[in-house]
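Novice: Please find one structure pasted underneath; my questions will follow.
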Amino acid sequence: MALINPGVIDKLARLIGTPKCPGLNDVQTDDFAADPRLIPGEQRTDSKADPEAGGVARPGKRLPPDIKRVLWARSLRAFGDGYVAILLPLHLSRLGYDAFGVGVISTATLLGSALLTLAMGLVAYRIPRRRALLAAGFLMAATGLGFAGIEGFWPLLVIAFVGTLNPSGGDVSLFLPLEHTVIAHVVPDDERTAVFARYSFVGAFFGAVGALSVGSVDWLAPVVSPSIMVTALFGLYGGIGLLTCLLYGNLSPKAEAGTDSPPTPLGPSRGIVYRLAALFSVDAFGGGLVINALLALWLTERFGISVSTIGAIFFVTSLCSAVSQFAAVPLARRFGLVNTMVFTHLPSNLFLILTAFAPSIWIAFGLLILRGLLSQMDVPTRSSYVMAVVRPEERPAAASVTAVPRSLASAVAPLLSGWLLTVSPFGWPLVLAGTLKALYDLALLRQFSAIKPPEER
């Protein structure tokens, strides 16, 4: 497996939000009390940050140590998630489990992550974040070792439920809210969007690299049996968990700092947040029908392609998703956050529906590439919108209320998707997912096009 140059991650992270990529400086999610508000294209000069003390660096300067550690941890986890999402269904199929069994285990992983995230949200302010992240890293290590050495369905189901496996290919795990909280405490408001964009980009990029690396199962087949390779890759997943522990263990005290205003329950923004949470849940349920694990299974059964081919497909589509996030912020600045979310997401769902009818793998591949170029542009814009339309002290509650229902909705969907694939080889999950997600887009446009974030007023 090719090693990644350690300088790549820093170069990629430093590009976003610099004069070489100025568009990412313009979306602001400052709190409502900020005065004066930064206008598009203007840089703030009254920096309160000190990179060496945990603050964020100004555009063009190197990132602070805590942010680098979080980005490295995100990159490592994304690499592991990228190949596990493809490896998991193939591993379970080799053990003799059908599509429904794959769906059950996938549902268990997502449901367990949702419940664990909810539990952490209830006690997050009582537990040091560094300690919580260390515990999550050790749990990831135990999960990888468990799947490497156990083959029985029920033990695997239990490990999937309490562990950190991610069959969706995205980040729906316990790590996400914890890392988001660290970022929010370390960086000032005017830099938050740029740092979150870097965070999303490195996750998508290294997820693509991880998807490509799963081809090693085929490449090394002449000298190493597939079963040994699968065991080794799950063991590597556990090793990645230990590496993240090394990174989290070196977080500075700045990552534990509290906010000036303590978090409060939802107040004036309650109605908006609940409506957003309901709509996001519809989108998440649709996405859960086509998580990478089940999409890989459908491609294998529909077109009879190898694991290395699937890895290459997911590498290209994930890379397209990563690159597309560079365009999301300039589009949002020009057309608005809601319009960018809807009018990039809606065509991607139509491409997903058409993929179910593709007569050949090449046509399906082309449609998935087109989908990948558009489907993830709503991720940074969605996060920015939620943070912009609530009061600063409500943001932690808003993040939990919108995230946990999404996780629960996406957890239920793989069970239905696996059953549909068992009943019929046709891509019904793709059709249903695309339809639900398109309806979500239209409902979002209708209900929230008039609710503008501060920078659009």
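Note: Cβ is positioned from N, Cα and C throughout, glycine not excepted.
Below, the features straight out of TrEMBL:
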type	residues	note
REGION	37-61	region 'Disordered'
TRANSMEM	104-125	transmembrane segment
TRANSMEM	132-150	transmembrane segment
TRANSMEM	199-221	transmembrane segment
TRANSMEM	227-251	transmembrane segment
TRANSMEM	272-299	transmembrane segment
DOMAIN	272-457	domain 'Major facilitator superfamily (MFS) profile'
TRANSMEM	305-329	transmembrane segment
TRANSMEM	350-374	transmembrane segment
Novice: Counting CB pairs under 8 Å, which listed stretch among 132-150, 272-299, 305-329, 350-374 touches the transmembrane segment (227-251) the most?
Specialist: 132-150
Novice: Can you name the far-off residues of the same chain, 6+ from the ends of the transmembrane segment (132-150), with a Cβ under 8 Å from a Cβ of it?
Specialist: 73, 77, 80, 91, 120, 124, 156, 159, 162-165, 173-175, 178-179, 182, 231-232, 234-242, 244-245, 248-249, 251
Novice: Tell me, what is the mean pLDDT of the domain 'Major facilitator superfamily (MFS) profile' (272-457)?
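Specialist: Taking every residue in the domain 'Major facilitator superfamily (MFS) profile' (272-457) and averaging pLDDT yields 87.
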Novice: Sort out the residues at least 6 away from either end of the transmembrane segment (305-329), same chain, that have Cβ-Cβ distances under 8 Å to it, and list them.
Specialist: 16, 21, 23-24, 26-27, 82-83, 85-87, 90, 169, 193, 197, 200-201, 204-205, 207-209, 211-215, 217-219, 292, 296, 299, 340, 344, 361, 365, 368-369, 371-381
